[in-house]
Amino acid sequence: MGKLIKLITTLTVLVSLLQYCCEFNSGSISCERTQTLCHYTNPRVWNTYFSRNCELYKNKVSPGFDIVARKYDTAVKPVIDDATVKVNKVAIQPAFKVIHSQCKKWNCGKYYQLVRSPMVKTRRFFFAKYNAFVKPNIDKFFTAEFRSHLKERILKCKNIGHYYFTITSRCIKSKYDFIVGNTEEKLMGKFKNKDTHGIHGSVTHEPSSEDMVLTVSTMESDEEELTTTSTQTVVETITLDQEEASAVANHAHDDEASTDVEDSTDVNVNEQALLQEDFDMWSETILQKTQDVIQLFEKDVSKYIHGKLVEEANHFKAKFQSLDDKSKKFFSKISLAINDIECVEGIDSETGKKIFFDKSGSTEISQYITRELVREYFNETRSTLDELTNAMEKDLSEITDEIEKKVNAIREENVEVFEEWGDIIVNEWSKRMAYVDVINAHMGADDDTTLDEEKAKSSVNWKKFLKGKKQIIESRDKLAHHSADLSRVNAFRQKVQKKILSFTQESGEFLYILRSKANLQFQERERKERERKEREKAAAEEFQRQQELLLQQEEEDEEDVSYTSTSTITTTTTMTL
């Protein structure tokens, strides 16, 4: 069981690689065997075949296969194509140039046998494995019944081609036989009048089934030779006299007229039968064409969207990088301002003005940090980041609108292609049916019953024609309203919007943290300023109180001095008395 799984996996990989090579080199494959191998290993070919011949497969498996094929065309194939181009450009071409330049210097003749021997062994090994495991399964699949069915299909296509060729040749004949017939009759009359002893001329009859030439020539005055040649390469020679030759010529004209009537009847029958068969194929052709146009539309849309999103992804990557750099500059500016809130005041020795230093006192700052200044920094940061994010959202909306317009343009282009194809098909079928009606009117049978049957068939065919025309119109409407796969566009838009929202939230949270930190710094500075002012106020009050005490003490000292002086004067006066 494990070997069978490995074999199936190997065959799947080989078939996938083969199909990719066939599709990549579709315009440069000249070998018929390679083209046949590419055709019969294409899963889409077998899907179409089984859908037409197996109702269960058509209802159960084919829809899933179409979905997988569409996903492959839209999601996997563009990635593989880009990877192939990149690998070819980055690795294969440079390596080939290097190898080619080195091989010019080598004498590879002596290495030929060394390389050829392992390759021969490998080829024999693969052939042995193929004959042992793969070929029996292929022989079981390609049975006699399948081959006979395939042969019938090919013969049917061949008959249809032969039918169209016959119709074309008859159209040409119907236009020019009347002129040729009149010319032959005039020439025969002239020859009869001029030569009473012999007949010189030719009678040509071209029925649809075979080409026959009846030639009458006069060899002698008493003898004639009549030679009849057909496509069976049978030659009959008859010797007639003059009167018998004339009778044969007249009989040839009668045979031609009767044969034309029979051929017209055959044409009428074959036309009706083939027309009824082709109507069934017409419906399948319309469905297949509709499916092909839808696949082409989805492929073009996928290719355009892939290239557009890759381009815009690079642009938005640069925009997000610029947004991140600008936000870091604003945040750094605010952080420095917050750190400088706790600054140190000083006096310039030269000018005597106040100057400010950072909290370490080593670096001078440009200005004193206030609440109004920090609030201005926050508002500038918030407004700038909002402008940048709004511009990115606007660009994203414009890109989405541009993609939708381009998708609609691609859809309209494919619808126009289908309309042109439908107009040509309808015109060709209307001409063909009108041609069949003309044949029925002028070359129909004399029997009334047969005429009624032909009229009934013509009515049925015209109804089928109208049904096919309505089917084309419905298919056109289906193409016009077929929704494109914009899932990658929506995913890209959601991804960018999510990233913008994430950046907005992160920047808002960081600004909130910085604002809280700034408030704490300002509150701490204000607290210290209040304490300093209280200390200064207390020191001033203490100084004033000390001054008052000193003044009071001085006043008391002055009063003591005045009292001592008065006492001395009084004592002196008393003693004098």
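Cβ atoms are placed via backbone N, Cα and C, with glycine included.
Remote same-chain partners of the signal peptide (1-23), defined as residues 6 or more beyond its termini with a Cβ less than 8 Å from a stretch Cβ, comprise 29, 34, 37-38, 41-43, 80, 133-134. Residues annotated as signal peptide in Swiss-Prot: 1-23.
What Swiss-Prot lists as coiled coil is 379-416 (among others).
What Swiss-Prot lists as coiled coil is 513-561 (among others). Restricting the average to the coiled coil (513-561) gives a pLDDT of 83.
Here Swiss-Prot flags 525-545 as compositional bias 'Basic and acidic residues'. Within the same chain, residues 341-342 sit at least 6 positions outside the compositional bias 'Basic and acidic residues' (525-545) and bring their C-beta atoms closer than 8 Å to a C-beta of that stretch.
Under the heading region 'Disordered', Swiss-Prot lists 525-577.
The feature compositional bias 'Low complexity' is assigned by Swiss-Prot to 562-577.
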Item to check | Helix, strand and coil totals (DSSP H, G, I; E, B; other) for the compositional bias 'Basic and acidic residues' (525-545) | outcome: 21 helix, 0 strand, 0 coil
